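J.: I am attaching a structure below and will ask some questions about it afterwards.
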Amino acid sequence: MEEFDRSISFDGRDIRLKLGLLAPQAGGSVLIQSGDTAVLVTATKAASREGVDFLPLTVDYEERLYAAGRIPGGFLRREGRPPEKAILISRLIDRPLRPLFPHWLRDDIQVIATTLSMDEEVPPDVLAVTGASLAVILAEIPFFGPMAAVRVGLVGDDFIINPTYKEINTGDLDLVVAGSPDGVVMVEAGANQLPEQDIIEAIDFGYEAVRDLIAAQQDVMETLGVKLATLDPPPVNESVLEFIKTQTADEIKKVLSQYDLDKNGRDTALDEIKAAKVEEVIASLPEEDPIKVATTEEAKLVDTLFKDVTKKLMRSQIINEGVRVDGRQLDQVRPISCRVGLLPPRVHGSGLFCRGLTQVLSIATLGTPGDAQELADDLHPEDEKRYLHHYNFPPYSVGETRPMRSPGRREIGHGALAERAILPVLPTQQEFPYVVRVVSEVLSSNGSTSMGSVCGSTLALMDAGVPIIKPVSGAAMGLIKDGDEVRILTDIQGIEDFLGDMDFKVAGTDNGITALQMDMKITGLSMDIVAKAIEQARPARLHILDKMLSVIDSPRPELSPYAPRLLTMRIDPDMIGLVIGPGGKTVKSITEQTKTKIDIDDDGTVTISASEAEQAERAKQLIHNMTRKLNEGEVYVGRVTRIIQIGAFVEIMPGKEGMIHISQLAEGRVGKVEDELAVGDEVVVKVREIDNKGRLNLTRLGIHPDEAAAARKAAALL
C-alpha cells in the first residue's frame, strides 16, 4: 500500500492518519496522532483453526517508556508485564470492536496498539480505539464498521470532546463513547455524582462527535477505494434445527416458566432435556438417517442449535409475556440481603452483599501513606493510588474447577470499574490520610458481580469507619431486542447476560451516577434506548441502596482497634533533610524508639502511623521538637556525642546538636573536658546563643533547679 496521509480537523485539534508508512507486513496498519501522542495500530488475520466455535479475537495495547523519553527501571531496564492501565486500555479497544465482527467469524484476529510517542495532554486510548477500526478495515477483515471513539469531559457547565489530562482530572466527568453507523456500541465513564440527564446528554454529545470520525474514515475508504469486507453466515442445518425444536420446545418452555428453579436447577433441567429428547433419540436413529449423519459429522451441532432454540424461547417469553425465567417483571430486582462485620475485628471492615445467587464478600484494609500504589512505570500522569479495589473470581463461584492463576483481564477490569464507582465519594487525604484497599471475593456468581462488588465495597468501607461522602450502589441492566421490539431488563442474571444483547452497569449515589460501563452484543443502540436504560437503572439503584442502609446507615464512628493510628503534621520542607538525617539515620532512630512508621511528602506533610496512639504522639513530639524554632534560654536534656579539646557536643534532640564550650561546663576553671563529661553522659543544658549560621551554643551554667526538673520531665515523656 502506498503512503497515505490525512489530517482531520476535529473539535479544535487535528487528528492525523498515516497509512502504509509503518508495519507493511501487517494486514492493516494505521499511525494515528493528535498533538505529540502517536499510536501505531495494526490488525492481522490468520486462517481459522479446526474446532474453534467462537471469535478468536486478541487485542493488546502496548506502552513503551521511550514514548515519554524515559528509560524503564529495574535491573533489565526493559518493559515487563503490562501495567494495569495498559490492560484496561486493551479492554477499552476490545469491547467496541468485538460486537462489530460477524459472530460466525472463526479466523484468528490480532489487534495490537503501540504508543510510540506521548505528550502530557492527549491520552492515547481513544486514538487507539479509532485507529483499530481503520486497521481492521484495511486488513480486509469482515467488519460492520467503521467505528470510532471519543472522550467527553465536563468543565464548568460545558461538555468538551477529548479533554486533556488536566481537564479530566479537574472536571466532573470522564466518559468514553464508542459508536458505529448503527448507534452507540460502548460507554465507559467515571462521574462525580452527575444526574442521569447530564450523563445522557454527554453520551449524545459524544456520539455526534463519533459520527464525524466515522464519516472521516468513510472518506478515507472512498479515497483509497477500500470497501468493507463481508462474510456470509454459514448455512443452518434446517432439518436438525427443526428436529430439535420439535423434540424440545415444549419442555424448554416449561423449564423457562418454572420460576422456582435457581440457576443450577434450570441448567440441570435443560441439560436433561437435551440428553433425553435430543441426544438419546439421535443415538437410536439408524446410521443412515440424515439427522444422525449431520450430528455425527459436526460434533458441536446439537449444542449450538439447542442453545439457539433456548435463546429464542427465552427472548420470546420476555418480549411477548414480559416475564423472565425467574418470574420477575422486567424492572424487578432480585432479593437482596446484606451483612457487615461478618469477620473478626482483625479485619478492619467487611461487608457481605447477596443479590439472588450472586454473593460478594468485600474486605476493607486501612494502610499508611507508604502503602499507596506507585504508578511510576506507565506513561500516564497519575503518580500513585490511595484507593485500591481488587476483584477475585475463583472457579468455585460458578461451581467449576480450573487452575488458580494470577488475575486475568476480566478480573482487573471488574476491579477497576468498582474502584471507579467509589472514588468520587472518598474523603480527601487531608480529611482521612489512610490508604484504603478493598478486596471483593466473588463467592457465588449469577450475574452482576461487578456491581455486587460496588455494593460490598460500600458496606465494607462504612464498617471500617471510612467517612465516605455518600454510599454507592450499582445495578446491571440488560436488553432483549428483536426487530423493533425492545425490552430493557433490570438486574440481569447470568442467563440473561449470556443470551441477551447488552450488559449496562450503572453505579451511583442517591445524588447521581459515579460510574458506567456498557457493552453490546449487537452493532449499535439508539440514544433513546441508551437513555431509557440509564433512567430505568435509577429506581433499582435506590432500592438496593435502601436495603444496604437498613444494615448500616453511616460509617462507624471508630476505626477497628487493629487499624493503624495515624497522625499528620506539617514541617517546613527545608527541614525534611534534617528529619531524615544522613542516610535515613535520624528518621530510623525515631521509628525504632517509638515503634512507628513515618512517611514524609515533598510538601512537608509528615504522616506517622503506629498500632497505638501514644506511640504516634511521641514520634510527633520528637519531630516537632526537631523542626520547631529554638529560642535562647530554653533548657533541654541531652546526651554527649563527642568531646573535643575546647568543649563537648550534645544532642538535645534527634538531629539537633550544640556545643558546650569548656568555659560553660562548670563554675570556675575546668582543666580538661573529660574531667566533667564523658561520651554518652546525660546532661541538662540551656541554649545560650544561636549564632547567625544557626549553630547552637549551650551552657550548663545558670540553670534553675525548676528548669532542670521541667526539662527532665519533658524528656521522660519522649
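Positions of Cβ are set from backbone N, Cα and C atoms, glycine also.
Here's the feature list from Swiss-Prot:
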BINDING   Asp497, Asp503  Mg(2+) binding site
DOMAIN    564-623  domain 'KH'
DOMAIN    633-701  domain 'S1 motif'
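What does the local environment look like for each feature on the list?
T.: Sequence-distant contacts of Asp497 (Mg(2+) binding site), defined as residues of its own chain at least six apart whose C-beta falls under 8 angstroms from its C-beta, comprise Gly447, Ala476, Gly478, Asp503.
Secondary structure counts, DSSP: the domain 'KH' (564-623) has 32 helix, 16 strand, 12 coil.
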J.: Tell me, how many other CB atoms lie within 10 A of the CB of Asp503 (Mg(2+) binding site), whichever protein chain they belong to?
T.: 21
